[in-house]
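Annotated in Swiss-Prot:
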ACT_SITE  249  active site, proton acceptor
ACT_SITE  271  active site, proton donor
BINDING   22, 23, 43, 44  NAD(+) binding site
BINDING   226, 302, 303, 304, 307, 332, 333, 384, 413  S-adenosyl-L-methionine binding site
MOD_RES   128  phosphoserine
REGION    1-203  region 'Precorrin-2 dehydrogenase /sirohydrochlorin ferrochelatase'
REGION    217-465  region 'Uroporphyrinogen-III C-methyltransferase'
């Protein structure tokens with residue numbers, strides 16, 4: 001290990017930055033974030049750097065660097081393109097025992113800057129010892145996706161209660177177990193879900209009750225998106241990996257299901273047209289029952305749970321029984337599949353609005369507001385419209401839409417098995433029969449479909465017509 005990782009307190013202390021360009025600005029911002037007083041020395045100083053120093057009450061010295069600029073400083077940064085000057089700054093700082101960093105010159109540094117993931121007060125630093133800073137930044141980018149932005153609030157909550165917990169649990173091992181359970185339990189989840197006040201109230205109750213464990217379950221209603229696992233949100237992935245039991249439907253791709261916690265119980269509750277593996281009211285009751293047992297329940301739905309996903313019915317049942325829940329939106333099929341097919345749902349020249357329509361209503365009919373659906377300047381996206389497609393096309397034409405209106409079928413959109421077929425309202429049902437198109441398939445109707453010829457970018461199964 002060439003460098004010992006340490007965290008340096010600069011609060012209220014003087015830090016010297018030699019240089020006035022963009023690199024100096026980046027370093028100065030870090031120093032300012034750490035509470036340092038800035039002294040910037042350079043013949044010319046970047047306007048943003050000038051504002052940063054002035055706002056923080058620092059010193060601007062618009063002249064050449066002088067050796068007398070160093071005394072009294074807690075840290076020195078050399079950020080110029082003048083190598084002899086950088087070397088001079090480094091030598092003088094080392095002679096005085098002042099930590100010094102020379103940008104892009106590890107051999108001249110007594111300290112180096114790591115790549116930083118800032119969730120203050122939680123901070124993660126990644127360093128390559130100056131050998132491969134780009135690699136360190138790439139690792140930091142991965143960490144940024146893995147560490148929720150609310151971890152800082154969680155650390156702050158722990159800080160506020162640290163002394164009280166120490167009084168209640170004087171034994172070090174007991175405290176360690178307490179904090180491990182807290183950071184992996186319901187209180188932490190409230191913070192991560194954006195409910196810090198509720199988390200603090202629960203912790204107060206927990207401490208007032210003598211630290212007795214209260215097992216309270218919760219339901220995570222999570223949108224799995226249209227199929228491509230890369231389209232999952234960070235929060236969706238985090239909840240998928242901590243749930244005790246998973247209830248999933250048939251639109252959840254196997255590759256997405258594999259991202260759930262390995263030892264979680266999995267319950268298939270999928271539905272097909274006129275065929276319910278588990279009736280919806282039973283699903284609602286099951287969510288309540290499992291959460292009442294203290295389990296963390298993941299209700300994983302394809303697309304977005306609030307767009308033709310019956311998510312509203314499920315959380316209505318949870319709310320009626322006082323079961324905590326959170327909802328994580330997903331990319332709905334219309335947005336995801338259209339994007340992967342190269343079909344913009346709105347376009348200044350073709351469509352000024354888009355309408356999402358269910359092709360399968362509660363009573364099994366396609367009794368839709370046809371007159372509204374044939375209005376000009378809009379794109380129609382039909383979910384679950386494959387079985388009723390002949391009626392849909394017939395009614396749109398009967399109510400005034402041209403039979404030559406462009407239309408598209410997108411089967412298993414966003415996945416490697418994606419197939420896209422384009423035609424018109426007149427021949428779309430025929431395309432379904434010719435190419436043996438099956439569910440899940442999205443139907444798009446509108447002038448925007450014709451843009452696919454030049455905007456298609458995703459290959460999929462390459463069986464397009």
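Just so you know, glycine gets a Cβ as well, placed from its N, Cα and C.
Excluding 226, 302, 303, 304, 307, 332, 333, 384, 413, which define the S-adenosyl-L-methionine site, the same chain contributes 225, 251, 308, 309, 330, 331, 334, 336, 337, 383, 442 within 8 Å (Cβ to the Cβ centroid), listed in sequence order.
Taking Cα separation as the measure, residue 22 (NAD(+) binding site) is nearest to 413 of the recorded positions 249, 307, 413. The record assigns 226, 302, 303, 304, 307, 332, 333, 384, 413 to the S-adenosyl-L-methionine binding site, and the maximum Cα to Cα distance across that set is 17 Å. Taking a C-beta cut-off of under 8 angstroms and a sequence separation of 6 or more, residue 44 (NAD(+) binding site) has the following same-chain neighbours: 20, 62. Taking 23, 43, 128 as the recorded positions under consideration, the smallest Cα distance to residue 413 (S-adenosyl-L-methionine binding site) is found for 128. Scoring each of the binding-site residues (226, 413) by how many neighbouring Cβ atoms lie within 10 Å, the top position goes to 226.
Sequence-ordered, the extra residues of this chain that approach the NAD(+) site, with Cβ no more than 8 Å from the Cβ center of 22, 23, 43, 44, are 19, 20, 21, 24, 25, 42, 45, 46, 49, 79, 80. For the binding-site residues shown (43, 303), fewest C-beta neighbours within 10 angstroms: 43. When Cβ atoms from all protein chains are considered, those within 10 Å of residue 128 (phosphoserine) total 18, not counting its own. As a whole-number mean, the pLDDT of the region 'Uroporphyrinogen-III C-methyltransferase' (217-465) in this prediction is 92. Residue 128 (phosphoserine) is 19 Å away from residue 23 (NAD(+) binding site) when you measure Cα to Cα.
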